[in-house]
Each structure stands twice: as structure tokens, then as C-alpha cells.
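Chemist: Okay, handing you the structure first.
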Amino acid sequence: MTKQNPIVLIGFMGVGKTSVGTFLAKKTKVNFCDTDKMITRMEKATPGEIFATKGEAYFRRQETHILEQALKHPGIISTGGGIVEVKRNISLLRKSQATIVYIYGDLPHIMKRLLRNQRRPLVEKSTTREFYQLWERRDQMYRSIADVVVDSTNKRNNIVAAEVKLGVALLERNELTRKEIEDSSRIMALEKEIEHLRAKKLNLESHLINQRFISVIKRGSKRSR
């Protein structure tokens, strides 16, 4: 992974872009920029507060300005989930020398994370159906501009960061195509899901065995009386 050109992380809200970007920047010793945090610092207000007081259009203008400046420097750039909603942003990303990485997460995985923090304007206002439609629409938009796709489902942030680093390096060396990198990442996600299900199965079996053992002891105790 070269340090000359920026790496831009895109993806749906709650997928872990900021955490992955922070981890990756520390490991590779490059600068890290989070567009949402930059806006918060400039405006002295959270994205949700800006949406409520100044509107989404104002927020998007600030977002475009920060993205434009960030793309001029090497490092890791974490973007807000709605960065693809503005054509100017898509144009900036496509024309830049940056490697664009889409951090994918399936909807149940994302919802689990978002339920811990509901202070997001689109989460508060959307029904489940509207939220799914937004996720589905943006998924196609992210894919249309991504150079690398990494599946974050059921993976710790350090694992996702390692996959991003590897995926970018393989792409730069022309060793794998975008599809091959994504397929490899999906296989790893499925393996993690299988591990998770096996662990649940073992816990359930252990619980059932303990319950049967306790039941046998109780029956034996009654007979001895």
C-alpha cells in the first residue's frame, strides 16, 4: 500500500468507517481525516444538529468542501454515509488519484450497531422500510465508484483494516481484480458467521447437557429418600 495517494473509505452509516480508518492510519503511520468530525469541529455542532438547524443542503456543501481539501493530501479519509448523495462528490472521487474502498455491511449487522446510537438524523426519521430502501440504493452507488470492496460483517475493526490494507496492495500490484478481492472478503465473512454459529451451537449443547445432568441428580435425590 503506497502512501502517495489517499485512501477513501465509503459505506453506509454505522459500518465502522471511522474506527477502521483510525486503526489503519495508525498502523500505516499516515494522516487520518474524518469528514463528519471535521464538519463538527468547524460548525461546533454534530451532523444531527446541523441537519436540524441549517438543513441537509448546508451540511452537504460543507461536506463537499472538506472532501475537496482532503483529497489533495495523502492519508486515510473516512466519509459520511451520504457522501454519494451529491454528484459533485462522486465527480471529485472519480477524478481523484485516491483508492476508494467500500466497506460493506449487511443490514442486520448495521442495524445492530445503530441501535446502540440513535443520534443520527436519518435513523430517527426513517421507517424500517425506508431505511432498507436507502441502504439498498446507496449500496449500488458505493459499488459504482469503489476500487475495492471489503465485507465487514461479523468482523472486528482490526480485521477489516487488515483486509483494506491487503486489498489495496493487491489492487496496486494488479494481483487480484476488485471482484476477486470482494469474493475473498465475503468468504472470510461467511467463515466468521460459521464460527459464530458453531460457538452458539456448542453453548446450547453444553446448556442442555447441564440441564439433563441436574435433572438426573434431582431424580436420584428423590429416589434416595
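Note that Cβ sites are derived from N, Cα and C of the backbone, with glycine treated the same way.
Annotation source TrEMBL lists ATP binding site at G14, V15, G16, K17, T18, S19, R120. According to TrEMBL, the feature Mg(2+) binding site maps to T18. Per TrEMBL, the feature substrate binding site maps to D36, R60, G81, R138.
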Chemist: With every protein chain in view, what's the tally of Cβ atoms within 10 Å of the Cβ of G16 (ATP binding site), excluding that atom itself?
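Modeler: Its Cβ has 22 other Cβ atoms within 10 Å.
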Chemist: At a 10 Å cut-off from the C-beta of R60 (substrate binding site), count the other C-beta atoms across all protein chains.
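Modeler: By my count, 17.
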Chemist: Measure from the CA atom of G14 (ATP binding site) to the CA atom of G81 (substrate binding site) and give the result in Å, rounded to a whole number.
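Modeler: Checking the Cα atoms of G81 (substrate binding site) and G14 (ATP binding site) gives a distance of 8 Å.
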Chemist: Starting from the substrate site formed by D36, R60, G81, R138, give every other residue of that chain whose CB sits within 8 Å of the mean position of their CB atoms, in sequence order.
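Modeler: Apart from the listed residues, the neighbours are M13, E63, T79, G80, G82, I83, V84, E85.
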Chemist: With Cβ-Cβ distance below 8 Å and at least 6 positions apart along the chain, what are the contacts of R138 (substrate binding site)? List them in sequence order.
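Modeler: Once residues fewer than 6 apart are set aside, R138 (substrate binding site) is near F12, G81, G82, V84.
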Chemist: Write down the Cα-Cα distance for K17 (ATP binding site) and R60 (substrate binding site), rounded and given in Å.
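Modeler: So the Cα of K17 (ATP binding site) lies 18 Å away from that of R60 (substrate binding site).
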Chemist: Starting from the Cβ of K17 (ATP binding site), draw a 10 Å sphere and report how many other Cβ atoms land inside it.
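Modeler: Looking across every protein chain shown, the total is 30.
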Chemist: According to DSSP, does G16 (ATP binding site) sit in a helix, a strand, or coil?
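Modeler: Looking at the DSSP assignment, G16 (ATP binding site) belongs to neither helix nor strand, so coil.
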Chemist: Out of G14, G81, which has the highest number of nearby Cβ atoms, where nearby means within 10 Å of its Cβ, if these are the binding-site residues?
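Modeler: Buried the deepest by this measure is G81.
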Chemist: Ranked by the number of other Cβ atoms within 10 Å of their own Cβ, which of the binding-site residues V15, T18, D36 ranks first?
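Modeler: Per the Cβ count, the most surrounded site is V15.
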Chemist: Rounded to a whole angstrom, what is the largest C-alpha distance between any two of the residues D36, R60, G81, R138 that the record assigns to substrate?
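Modeler: About 18 Å separates the two most distant Cα atoms.
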